[in-house]
Amino acid sequence: MAKHGLVRDLYLPNSSPFAKLLDSCLRSRSARGTRLVHARILMTQFSMEIFIQNRLIDVYGKCDCLDDARKLFDRMPQRNTFTWNSLISVLTKSGFLDEAARLFGSMPEPDQCSWNSMVSGFAQHDRFEESLEYFVKMHREDFLLNEYSFGSALSACAGLMDLNMGTQVHALVSKSRYSTDVYMGSALIDMYSKCGSVACAEEVFSGMIERNLVTWNSLITCYEQNGPASEALEVFVRMMDSGLEPDEVTLASVVSACASLCALKEGLQIHARVVKTNKFRDDLVLGNALVDMYAKCSKVNEARRVFDRMPIRNVVSETSMVSGYARAASVKAARFMFSKMTQRNVVSWNALIAGYTQNGENEEALRLFRLLKRESIWPTHYTFGNLLSACANLADLLLGRQAHTHVLKQGFEFQSGAESDIFVGNSLIDMYMKCGSIEDGSRVFEKMKERDCVSWNAIIVGYAQNGYGAEALQIFRKMLVCGEKPDHVTMIGVLCACSHAGLVEEGRHYFFSMEEHGLIPLKDHYTCMVDLLGRAGCLNEAKNLIEAMPVNPDAVVWGSLLAACKVHGNIEMGKHAAEKLLEIDPWNSGPYVLLSNMYAELGRWGDVVRVRKLMRQQGSLSSQVAVGLK
């Protein structure tokens, strides 16, 4: 106060001392100090000076005194461009965007700074479309676009996931003097990453002359969020080789990539680095990433140790623990952690509902969904995916239809986008098919605005499992006509359909045509073919196919052949299949039982006794054997 009094009593040749006092108020974010300085200014000849009034508006705004700034602006008899810009900047940063727009509209002569405030302000408050509208108008009116204009526009494109607009902004950047700017390169990588265009992000990175830590972080995050996550680890190694030290953002992204890959070894190395440097041990985001990584790698005790050592935790940390316990089949521990959470969001609820579903406690998952609704938590597409999965596991059509009603009320359109809900439609198809309601499943499939490979797989496998082999193949042919590329699951559904319908020739054709679709038959495809050939009595062909497998046949394949041999009474091949099964699992009584039953059906009682003796020698005799020999 003594200082303020001194300023009042002395003759001041200019307003610089007041400007310095305002700078001091700004540094301390002192609203009271700013008002005191303003009161002193009003007692001097500088009270009407535009420079000091502009400075006051700026400081009031940055001290969150918006009303003071606005009142001063309204009282000013004269204003210059800086006056308007100061208040517009205050309004946009404070989120009063509509008021800022009205002020901007009444501004006599907006300049580059005015336009940038509008572009950046709307982008910062997630009104991305309006931000881009201002950017386009700014460009059309021939204002010079600078790094702030481009940066905000790219941020808006990223927010909208608008790759087309982002590419157009990139074209403008390429023609400007900022084409080689490291800040602009990082912003472009971030935009392409959030639009899901990994190739474009890579291209920008490769073309950059200079790179900084933000640049490397942007590319690492791009791979972590879009895949392949293994590339995030490779880029991290390259960054380290370049001599740059990682920060908490780098480490959190790399740890998240390890979580996606379940790469425990690499995750442990990163964690060891964090502990050794002791630099980012208290960082919340990195701590959350470590908890999530250990949880996803099924190391729930390690996740708990990291969690317990965190000085600050939030809903993300706690949700990761809920999810980790659920994955480890410790649903009680997950529920206990959930009950202790002071704050819960829909992700927390989803984690626990998924835990119950994955561990076969489907009724509890449904009860939790009802509780979620009572708590007025707005369910997401993940919530409904888990809910429908629970209904499918229970094969409860009535509950499934009730869940479908909830889905319709939610307004899902089954299409891709920022929040793709296609998989809700896929879950509905799967649920109806598992409940045996082919008509309902088909109706959902036909009404979907967009379909992905999983949609086609759900309907094909559903038809096949319900005995509609011909219809499944018809859908598969339609899938190919639509240009959708089949995957391994598709072909399992197709081969199962052929098996159930007894379509041997078609099955052979589809099996041997897999390579045309870029697919190599896996063990499951061979199992389907053995089942198909076995049902049709083509036992020699089935045996030859097993022996031609590129991997060692498992018990399921030989078991399928043995079952077919029993049906068709081929005792010699059945004996061969049983021997192979016993080589894989000598203590399994199943092959003995089937073989003894086959001998019994043929009246070969001596062989029945011999098999029974073998079983005694192996220590496998059980009550099942007695039943099989009667």
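Glycine residues also receive a Cβ, built from the backbone N, Cα and C atoms like all the rest.
Only residues 6 or more beyond the boundaries of the repeat 'PPR' (80-110), in the same chain, are considered here, and those with a CB under 8 A from a CB of the stretch are 50, 53-54, 57-58, 60-62, 64, 66, 69-70, 73, 117-118, 120-122, 124-125, 127, 130. Annotation source TrEMBL lists repeat 'PPR' at 80-110 (among others).
Feature annotation from TrEMBL assigns repeat 'PPR' to 111-145 (among others). Within the same chain, residues 81, 84-85, 88-89, 91-93, 95, 97, 100-101, 104, 151-153, 155-157, 159-160, 162, 165, 169, 172, 176 sit at least 6 positions outside the repeat 'PPR' (111-145) and bring their C-beta atoms closer than 8 Å to a C-beta of that stretch.
Helix first, then strand, then coil: DSSP counts for the repeat 'PPR' (212-246) stand at 27 helix, 0 strand, 8 coil. Per TrEMBL, the feature repeat 'PPR' maps to 212-246 (among others).
Here the repeat 'PPR' (283-317) has long-range neighbours at 248-249, 251-253, 255-256, 258-260, 262-264, 267, 271, 274, 323-325, 327-328, 330, 341, 343-345, 347-348, meaning same-chain residues at least 6 beyond its ends whose C-beta is under 8 angstroms from one of its own. What TrEMBL records for 283-317 (among others) is repeat 'PPR'.
Restricting the average to the repeat 'PPR' (345-379) gives a pLDDT of 94. Residues annotated as repeat 'PPR' in TrEMBL: 345-379 (among others).
What TrEMBL lists as repeat 'PPR' is 421-451 (among others). Remote same-chain partners of the repeat 'PPR' (421-451), defined as residues 6 or more beyond its termini with a Cβ less than 8 Å from a stretch Cβ, comprise 381, 384-385, 388-389, 391-393, 395-397, 400-401, 403-404, 407, 412-415, 458-459, 461-463, 465-466, 468, 484.
The annotation repeat 'PPR' is assigned in TrEMBL to 452-486 (among others). Panel annotation: around the repeat 'PPR' (452-486), residues 416, 422-423, 425-426, 429-430, 432-434, 436, 438, 441-442, 445, 492-494, 496-503, 506, 517-519 of the same chain, lying at least six beyond its termini, place a Cβ under 8 Å from a Cβ of the stretch.
Taken through DSSP, the repeat 'PPR' (487-521) splits into 27 helix, 0 strand, 8 coil. Look at TrEMBL and you will find 487-521 (among others) tagged as repeat 'PPR'.
Secondary structure counts, DSSP: the repeat 'PPR' (452-486) has 26 helix, 0 strand, 9 coil.
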